[in-house]
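*Asks:* Here TrEMBL flags 182, 183, 184, 185, 186, 187, 188, 189 as ATP binding site. According to TrEMBL, the feature compositional bias 'Basic and acidic residues' maps to 635-645. Annotation source TrEMBL lists domain 'Dilute' at 1520-1796. What TrEMBL lists as region 'Disordered' is 616-650, 1100-1129. The region 'Actin-binding' feature in TrEMBL is assigned to 660-682. The signal peptide annotation in TrEMBL covers 1-29.
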């Protein structure tokens, strides 16, 4: 029974696994496995060396028992060797050095019992052990952790197999299959269910039909109608199924298709003890009390024969009523409506009633049903047939011959069997109908690109009584095992051929003979079908045929000794005895045809549909429902339907063989993945392992065969780099070469002499079984020797260090003693020297005092002489100064008078020249009529301006009067100061008198002091007594104060703790509310995207259905899609699923309401938080009401409205009568134009007159000023009056400085020494300052007047040019026809007037802005003057200080064009603006050189202009277009980090601008006055701020997702796998599932890759001008993702949980912290997010033995949950023999100590969690008017305003 396949070495038997092949002689202490009756295998240790020829081994068991193990005298095979402890518990069984049955069993037991790990790899097979307990390892977080990972990188899991299948489907473009097999109760159905859940979660669906949910919803339906409770399993699948999950070209689920095999129909009518019928029957009986089920006439399950035979109607922990609700919901989700569901339940209830129909004997050959049987009546009512027909054909059958038809009565037993056969047939039809409709719901119109099939099929079965079902099941397992063996050898062959390893042939077991015995010609199935065709064929005759055919010809077929109605087949797993009874009946599957005809004539439509012809009952996938309780495989439609009757007559065995053959073809066309489910015990005990049952299943499912094949070759495989890293310690420095491959070859040749024990491939080294253990022993010996050497050296170093410490201590004592003696000597010498110095200085002091007395008397005489000389010289200098001053003033007056006369003459000449010009042009007045009208208009305007000037002059005169009154008050104060100076003399006399009194008082004082001395002595005695008493009182007081302070401190701490806790709770609540709101916002945005996709599909379908429909512009549709809906959309909506649309709309409404409520709640929480955080915040300072500005604004608005009204009137008059000759003389338009022209001419005349008046006033002002200068010579303080007339701020500033200096002199002067000469000098300084100020004022006025003259000359020149142009235009018009002439003149005039009107409006606006600015300054100055006046009244300050007041300038010179920080654009340019600024702006190209946030500034400046012109429609459309365009660019380029970061920064800046310029005082604190002027004036955009804030949240979340997608592939490789510190961690042996190499290759990510990427993120955000606080939040999220992904992978990877890996992780975390420190981000909270990872790394490194260690771990790991701590301890794996495993008792101690923790049981961290983001207000200091728009943005259509 063997064949030869390709292998990899010379012929070697499997005995190579035994001890004798590995070592010819075995030393003492070697550990081995010996057989055992109870535990299958036991571990033992050699107590005596074994030598060749010994007949037995002396062993000691683990419990200390010594035994003698006798060897087989024939084979002399030694027991199996045990693997080293560091290899026990490996993820892959093929990683074991010794591969054999006891090693596999022990490894599975250790993982299952000690580590609670239910999954283990065995080469390409995943072994899954049923834990009989719900484990938290199937959540969405686990799915996300396995998604995208390599199969060997993570711990074994069903999700890893599913991910491998999904990845290979996408990579290799090949269909995949997952074959799940095992015994009943091993967990096949659950494993298949989790695999499908993984595909549904990872891939998603290609449409909005939620196909993945429908695929998962098919599970509860199929479990309800196809699963039942058995003695081995509470939810056993009683049918096989193969589900093909279809994917499109983007590998998203688009549909599914289900095929079923061999439904166990016999369970419908019979159940063994402790078993149940199908779940659906018990669900209906449990829900019979519901109103909708009253018509089914059901009751308790014990009332029906078909549900009470097993005597176990209830499953512990299962609520059948809830399960029925789940089933009904699944039906609804799959599109089976309520009416169909009730029809299905009617049929199922009818089956139960049919089972209760009692058939009685009429005689020995006939039977009857008693009349009015209530169960038969209920059956007939439910299925819609007549009672008489059903009762007739249940007890009779029709026999047809060639000529006649007979009706034959049936005995009771046959009638009962016919009833049961009908029940089974109805249920099978119902089962097929449900499968067909499930497939209809899962089918799709999208083209299927590939699929993944999940095969959930029964495993190898053997019972005490095995019948036809077990025969078919084992036949299917034989076929699957053959396919598995072929695939295993194919993979081995490909591996060795790829590595170019030499191979030869190997002998292995092939089960093809067993398959031939079953399915070949004259095989068991062939003989069974032949016997079924015989008229009188029986089970006994068939058995005899089997004996005669196969008993002597086939060694796999045997006959039982004690039975002639059974046979035995030697299957690949075991021998199975089959009972022949019932084989023929089950193979025929016959039903009374007349009963079927009665059912076909039913009035119940669903039942008729079940039994309709097969031509009409084809399933959506082309399947033909066949008999035998299974759904037929796909049949090509071109085979014709005339074969359906022939197909219907096929036997069950034939159909099963055909469907199995098609299944094998499907599997062979796909890449298979194997999951073998193991049942650990027969009692359903959680985590209980029965070795006997486990090894039986391991043999049956092919796992041991895989082990045997692997062990026969080179099971251990290492890459050269991994081998070098692990066994570098065995090499010497001279052995290490640059070529790692050559180095490994040289070392292996030295270490292993037998070259047959290993082979060198292209990329790997292949080892025989046991060689890795030998190398590990050498490595351990080398490390042990190194440890001893290190210990020796350390002990020597410690002893020497102790000696040196003692020697150093002795030297130190000596040094300090000598130092003390030296210090004593130095102290004596210092005291001697100090005494000498004191004597020297005392003598010097006496001599100096004598000298100073003599010097003082001599100096006093000299001072008196100098005072007399000083006063005489001063009087002479003052006389000379007065004469010079008088001469200078007189000369200045003469020169000024002469210049003024010359100026007057010049002005008169200019005036006469203008009049002369008028006389010359009087003859042309009739020709320049239009010019006169313009002059009239300008005269009007000049008149209005003159009125304004008059108003300004009035205000100026009022201010002058006020200043004069102030000056008079200052003069009075000055007089008071003079009077005060006169009092100084009297005060000096008084001082002399007081001195005399002081001398008398001193005499009296001396007398009193003598008396006081006596009194003082007496009082001191009394005070000493009082002090003693006071000390006692102070002590008591201190005690009381201390007690009070302690109590107050305790109360303060208590209150502080309470406030801190309350604050922390409020912060937590606020973050939770914020997180909920942002999650809901994400959900809302997701629904919006779905809604947009639906609209696009609607538009697409409407385009397809309406050929004449034209699509609108994409930009336009994107901008207005949220606000505009047209009739076309309504037409498309009718074609969509209305229910889906209504659900979406309802969901959107609910989300909007919830969003609004959350927003309100969030605001309330923030207010509470602020109130708690700052309880004593002072109220805002109420600003002064700007009533003047309000009135002025109202006046400007009225004028603006008037101008708009005039313009509108003109346009209306022009456009309204355009068809009736509007331009003709006398028309309304013509009259309006004439009126406006006349007004302009009048205004011009007024302006000219005002110019002449101003010039005359200038002359008068000069004369008045000259008079004031003269007056100033006699009165020094009169110059203050002229301060009010200063026009320039610089003049005002200089005057203020001069007066301040004068005041300073007044304050600092010595009033005792003032005399007449000093006053004159003061007056002189004041006059100089006054002269300087007046000269500056005169020059300023002259410049302003010169400018005015130049302006008038320019206007005159413009008038001349206009006159010439009008003459030319008049000449041209005279040549045109009359109609064209009038039209051209009107058009020209309208254009000119419009331009002039716009210019005048611009000038008016500038003047109004100037007035507003001046009024603001006036308000500020008046406020300051009031404050200073109040201060003077209170403090009685000097006169000079009163002048320190700001003076309001009256006349402000006209500035050049002043930009207001606004951008104007036309309505039609809005789309172009959005397109150029948002949609087509590339951050890497143009935007990289821009000012950070420039697009946001430009958009806001455009928005300001729309607000300025009070255009609400423009504001709304601009904001809407901006938001929609940003959403569109994010949807288009959402995976580009730079784009998302760029628009996050600009969106936040735009939001800050809206706040900064909103006019809200809370946001205007940091603004400049200029920025406050740019605030929005007409619209409150608070609601739009919330919308933009939501948009910023969306962009932030998109940024996090984009960043996560970039970082995700780097994290595991850089943080866990890459060895940053080379050589610290060694690589353990791995199996067939190779993990990712930890050595940095060219394409491997390292920690430096992560740091570079983080730096790139940070620099990009800084370059885009992202707010610093927002950058901190992004970095915190980045570090959370790094920590969470790293910790999750650590918790799912056993190979990473070691001491050395903990060191690597801590080093990597320190590098991340260093990066934070370099970037200045240590305070952003990012380091705290790594705390769970840090604690996990510390947990890997701490000691884990004693109770003290457990206490330390519990106190250290506060950031880890109990589940995570226990998981790390369970996964802890020693890499070296010096490390020890964590004991189970220690883990239980940890669990006991952590039992009281209140925490989530979740194992993994949520990597999708995003911290709630906030956008702190960050005002900009950039002035809007200074922003320049680069030409690269193509925004030339914008106009700066």
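In case you wondered, yes, glycine gets a Cβ from its N, Cα and C as well.
Walk me through where these features lie, including what they touch and how far apart they are.
*Replies:* Neighbour list (residue 189 (ATP binding site), Cβ cut-off 8 Å, at least 6 residues apart, same chain): 223, 227, 235, 237, 456.
Tertiary proximity for the region 'Actin-binding' (660-682) is limited to same-chain residues at least six positions away from its ends with a CB under 8 Å from its CB atoms, namely 108, 112, 122, 124-132, 158, 161, 164-165, 168, 172, 174-183, 185-188, 191, 195, 232, 242, 259, 261, 453, 455, 459, 475-476, 479, 483-484, 487, 633-634, 688-690, 693-694, 697-698, 701-703.
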*Asks:* Near residue 185 (ATP binding site), which residues of its own chain have a C-beta under 8 A away, given they sit six or more steps off in sequence?
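*Replies:* Long-range Cβ contacts: 130, 230, 232, 233, 236, 679, 684.
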*Asks:* Express the predicted model's confidence over the region 'Actin-binding' (660-682) as a mean pLDDT, rounded to an integer.
*Replies:* 89
*Asks:* With Cβ-Cβ distance below 8 Å and at least 6 positions apart along the chain, what are the contacts of residue 183 (ATP binding site)? List them in sequence order.
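*Replies:* The list for residue 183 (ATP binding site) reads 232, 459, 460, 461, 677, 679, 697, 700, given in order along the sequence.
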*Asks:* Just to verify: the residue among 182, 184, 186, 187 with the fewest other Cβ atoms within 10 Å, which of the binding-site residues is it?
*Replies:* 184
*Asks:* Please list, in sequence order, every residue of the chain apart from 182, 183, 184, 185, 186, 187, 188, 189 whose Cβ lies within 8 Å of the Cβ centroid of the ATP site.
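*Replies:* My list of surrounding residues reads 130, 232, 233, 236, 237, 459, 677, 679.
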*Asks:* Tell me the residue counts in helix, strand and coil for the region 'Actin-binding' (660-682), as DSSP assigns them.
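*Replies:* In the region 'Actin-binding' (660-682), the DSSP-based counts are 9 helix, 8 strand, 6 coil.
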*Asks:* Mind giving me a neighbour count for residue 188 (ATP binding site)? Other Cβ atoms within 10 Å of its Cβ, every protein chain shown.
*Replies:* 27
